[in-house]
Amino acid sequence: MKKNISINLQGIIFHIEEDGYEVLSRYLAEVKAHFSGYRGHDEIVSDIEGRIAEIFAARLSDMKQVVALEDVQAMVAKMGRVSDFQSADEAEDDDELLADAVASGTAQGTYAGGGQAYSGTGAAGATAPEETRQLFRDMSHRKIAGVCAGLAQYFHISAVWVRLIALASLLSPIIGDFIGFLPGFVIVSYVILWIVLPKRYDTPEPTDGNEKQLFRDTDTGKIGGVSAGLAAYLGTDVSLVRILFLVGFFVGFGLILYIILWIAVPEAKTVADRMRMRGDALTLSGIASNARNYDDTSAGNRRPVGTFFEDLAKALNPLLSFVGTAIRIFAGVMLAVIGFSLLVGFTITLGAALGLVPESQNPTFGDASFLKLLEEQPSWAWMAGYAATAIPSLAMLLLGIGLLLRRVLISRTVGWSMFALWLLSIIGVTVAVARQSREFQYSADVEQSTRYAALTAPVLRLETRRVERDWDQHVDVRLAAADSGKAVEIIRLISADGASEAEASRTAATSVAYTVRTRGDSTLILDDHFSFQPNARYRDQDLELTLRLPRDRTFRLSEGMASWLGDDNFAGNSMPDSPENYTYRLRGNKLECISCPPAEERNSDEDSADYEDGADEEGMNVHLDFGQVGAFETDENAYGSERQSFEETDFDEVSIVGPYRVVVRHGNSYEVKAAGNGRALRDLKVDREGSELLIRPRNRDMFDSRRNGGDKVLITITTPELNELKLVGGSRAQISGFESGDLRVQQAGGSQFRLDATLNDLELDLAAGCRAELQGSANNLDIDGAAGCEIAAADFTARRADVDLVGGSKARLHVTNTLDANAVGASMIEYSGSPSSVRRNATGASSVKSVD
């Protein structure tokens, strides 16, 4: 039986035999005495003790749990002695220091405060490795929660590589998002491991102490020591690594990679870290050599950039501290106030929902439909909703108070408990929403009709009563004609949702209340909103009225009724001004004004297919003054002596960009040529994309007329077929010779267009001050113009025309069959040809008129 002693080396408990303890004690006393004169000697001794702990841990197992004398001797052989490298003078000084330490009773070193002896083999040491590997959170080497360090211990690798993989996964969307779900998967996995894995504080380094490891060398580095650390790890020149990072910065990934390494790679703080970084053996002689070299060079400034930023940070520290304090106080106050307000509001809402607040059973605020829906919810759904909203509000309040007090108000256990409760409440809300959504799966309609035989007066007055309800309780109304002599009838079409069609029909028939009143034998009063029956449930109810009016009656409207009906229920889709002053009758299913002045009557008749222009329209005395589209010279000799030809064929679309003069003619072959002088002609670019011929300047500065000195370019195009023409940027084009087919022309940017052709369909899209002059004919003419465009087509015969003008545009047309004209925003349309059918719509100061 041997006497054993418990010792503590850098937080790790070992059981050591007494004779081994004596050797180890003297060995550490020699080490402490020798390094006592070194800068940072306590740190050096701690590194040596840590290395000794690693060697002892590697020699222990389940079968061997006590450090024996031979283990201590093996450690001494591996680490070396002080006497192996010290000089005679140093040995004499160390002997004196050792004698003083022995005399004072401190020779046992830093590893034990007094040893605890016991007999027998003892229990297993704390560092004895187990037969089966176990996952845990390594709190001794953690950066955040010890998850990555624990995984490194499990796989016996450096924690640096695990952290690098984790950070690269989180930043994968910035680098390229090769795997879209990877960042979320890593975060969720980290949180789960943080919660599930147990903690452990007594773990040794996961790798061999003499193995080269990756550190940031801040002593020789410029900014963060990343490049210097990589150079030391790879055994290469640090300048090469820095050059590669600089190239990476311009490529795009260098900065992200540098930040990842800066975060994940630890700094080489101790002598042992610097030795591991270079792959030097952790022996006493190596440690002493590195410590002396560090002392000799530490005075020099080898980090000019880093030192500059450090000095700048120190200089700005008072200002930054004040700004940071102000931001902290402001954020704390705002978070606390908002969190408290939300928490109080949600609590009052919960009390009202559960009937705990007086008079909360009949709330008179908020959306009635929404309140109806909330009344159905069970108490557990309200509690889940309250927890889902109140817990974040409480967290906001506590966070704000914590910022003001500069302390954490809740423990980690309470925080995780609140988070778990919040997740449960979210699940509860989800279940409640899913349960409620089943009540809206089917829809059904119910029709109810009521006749009002008491309304017998020849002139009926229709009024509306305004009811203060929510927007989703508004009633839609439309008119329908009934046979003469029939009674006024109102048909209610009520729709609702339900868990089945039968339930939806039953809800629609019983849940909606709507009031219609009569006054005497001549007035019908309708509410403009419906309400819910008592105890009715909200199922997205909707009500549409059909008001069937006899053809042999005349009607007067209140102002509110006319506004409720809207333009769609009036002839011509236009309600007259002051509609309450006039009398109406039904024409089709729309109201026709029979007492309006002639101007009003014209507006109501615009949708009539057989409408004929009256003499009163000529009294408008409005005539359009169209200027002619400016003609340009088509002789090539007028543009200079330089010529270019282009070998482009097989196109039926032409796109012109720029201030060019373009002539497009019909021919049996393809030909593209240009005439001009100077830079304007040389910068002309002509190419083809599919069936489209593209003509544009090589340099967009060509749009600057000052650059070209006034040089003009004439482009002549011959093609068998032309289906589309695009003109942009002040271009001017003349089209002629085409006797069939369809053509679409798009103009923008002040371009001008002249056409002489016979076509089947012609479509014009004009914008921003463009002009078009047409000669010839087409079966169908479609014009869309905006922002001051002009179309002169008095000499262009169209059988059918559809014209829409906006924003001060004007058009002169010749139409023989059908015209659909719409003018908005001070636009004007004149037409001739006596078309048999005209549909006109002029808004505001616009006009549509015949000039025959």
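The backbone N, Cα and C atoms fix where each Cβ goes, and this holds for glycine too.
Pulled from TrEMBL:
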{"type": "COMPBIAS", "residues": "603-615", "note": "compositional bias 'Acidic residues'"}
{"type": "DOMAIN", "residues": "133-199", "note": "domain 'Phage shock protein PspC N-terminal'"}
{"type": "DOMAIN", "residues": "212-268", "note": "domain 'Phage shock protein PspC N-terminal'"}
{"type": "DOMAIN", "residues": "301-440", "note": "domain 'PspC-related transmembrane region'"}
{"type": "DOMAIN", "residues": "473-597", "note": "domain 'PspC-related ToastRack'"}
{"type": "DOMAIN", "residues": "650-835", "note": "domain 'Putative auto-transporter adhesin head GIN'"}
{"type": "REGION", "residues": "596-615", "note": "region 'Disordered'"}
{"type": "TRANSMEM", "residues": "144-166", "note": "transmembrane segment"}
{"type": "TRANSMEM", "residues": "178-197", "note": "transmembrane segment"}
{"type": "TRANSMEM", "residues": "243-265", "note": "transmembrane segment"}
{"type": "TRANSMEM", "residues": "329-357", "note": "transmembrane segment"}
{"type": "TRANSMEM", "residues": "380-404", "note": "transmembrane segment"}
{"type": "TRANSMEM", "residues": "416-434", "note": "transmembrane segment"}
Surrounding residues of the transmembrane segment (144-166) on its own chain - C-beta under 8 Å, 6+ positions past either end: 133-138, 186, 190, 193-194, 197, 199-200, 203, 206-207, 213-214, 260-261, 263-266
Helix, strand and coil residues within the domain 'Phage shock protein PspC N-terminal' (212-268) as assigned by DSSP: 34 helix, 2 strand, 21 coil
Residues of the parent chain within Cβ reach of the transmembrane segment (329-357), under 8 Å, 6 or more residues beyond its termini: 363, 374, 377, 379, 382-383, 386, 389-390, 393-404
The domain 'Phage shock protein PspC N-terminal' (133-199) [mean pLDDT, rounded to integer]: 75
